[in-house]
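Pasting a structure here, questions to come.
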Amino acid sequence: MRGHNLEGALSCLPRMLPSQSYGNISFFQPPAFLMIGIPGLEDFHGWISIPFSSMYTVALTGNCLILLAVRSTPTLHQPMYYFLSMLALTDVGLTLSTLPTTLAVLWFDHRFIGFNACLVQMFFLHSFSVVESSVLLAMSFDRFVAISNPLRYAAILTNNVIIRIGMAIVARATLSLFPGPFLLKRLNYCPGKILLSHSFCFHADVMKRACDDITVNILYGLYVVLSTVGVDSLLIVLSYTLILHTVMGLASPKERARALNTCVSHILAVLVFYIPVIGVSMIHRFGRHLPPIVHALVAYVYLVVPPVLNPIIYSVKSKPIRGAILRVLRKKDQG
């Protein structure tokens, strides 16, 4: 049934395109793109929407609980938990960036997204990804300071410093991604070539729908990835190299184990975020011959899984966070 709906959506394309012949069009921007959802599994979108809806619910609920727990617990008003709040807020934003269009496709088979709406979604989606990478870098710096210089930890990471770090993270993401929509708007697109590979808008996916030379867009995308996620990942590795050097200098095995244990949650969050990021980047650049379903599923893992797992990781590994969340839930039950 849903496969036939996709065919029906494709049949609407001629009515959406200009009435003149394609040969007379000197510059064309599609009024909308067509989102494919999960290619090859269109008939099962209704069933697939159940786990997706569950994951979105877990992501939003878990991250909002962390925000409430940190805010309502004075003992958690510390640098580490402020950075965790930034991560939770970023995951909420990342979830809300993809939730409307993904559920619209899976629930209602609503596949069209306006050209400008697509660019707006793309900007926020990639911006929140860059923010998440930056927050993970800030958290690695927090762990380095806490382990290498514990006596001056509170003096170095003051509230003022944390606010400045947060503002720098937002400014960096905004400035890095701001040119993206304008670089896509300048392109001439192929009439009829408006089928996207996902149920949301990726820069790499949208630019491939153009008929113009996209070398500038490719170089811009590569620059953004290398200057943000690439640099962040190298600095995180450097931070943990320095942390290990410090830990190895501690006197007893118990002290070393205690110091490393404070980093486990962050290391898991880093792996959950960066492994799918690397997979998406590699597939978009070198995976042209892979089936479309592989592109779609890797993208979903990259965008949906980290916001789901991060609150679970921190609530399981961090006793203070777990206790604060339970207190928040008890207050709601009593209320």
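First residue shown is number 1, and so on along the chain.
Glycine is no exception: its Cβ is also placed from the backbone N, Cα and C atoms.
So TrEMBL has the following annotated:
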type: TRANSMEM; residues: 21-41; note: transmembrane segment
type: TRANSMEM; residues: 47-70; note: transmembrane segment
type: DOMAIN; residues: 62-314; note: domain 'G-protein coupled receptors family 1 profile'
type: TRANSMEM; residues: 82-108; note: transmembrane segment
type: TRANSMEM; residues: 120-141; note: transmembrane segment
type: TRANSMEM; residues: 153-175; note: transmembrane segment
type: TRANSMEM; residues: 218-243; note: transmembrane segment
type: TRANSMEM; residues: 264-287; note: transmembrane segment
type: TRANSMEM; residues: 293-313; note: transmembrane segment
Taking all residues of the domain 'G-protein coupled receptors family 1 profile' (62-314) together, what is their mean pLDDT?
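Its mean pLDDT is 92.
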Apart from its near flanks, which chain residues at least 6 from the ends of the transmembrane segment (82-108) lie with a Cβ under 8 angstroms of it?
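35, 37, 45-46, 48-49, 52-53, 56, 59-60, 63-64, 66-67, 70-71, 121, 124-125, 128-129, 131-132, 135-136, 138-139, 142, 159, 162, 166, 169, 199-200, 269, 303-304, 306-307, 310-311, 314, 321.
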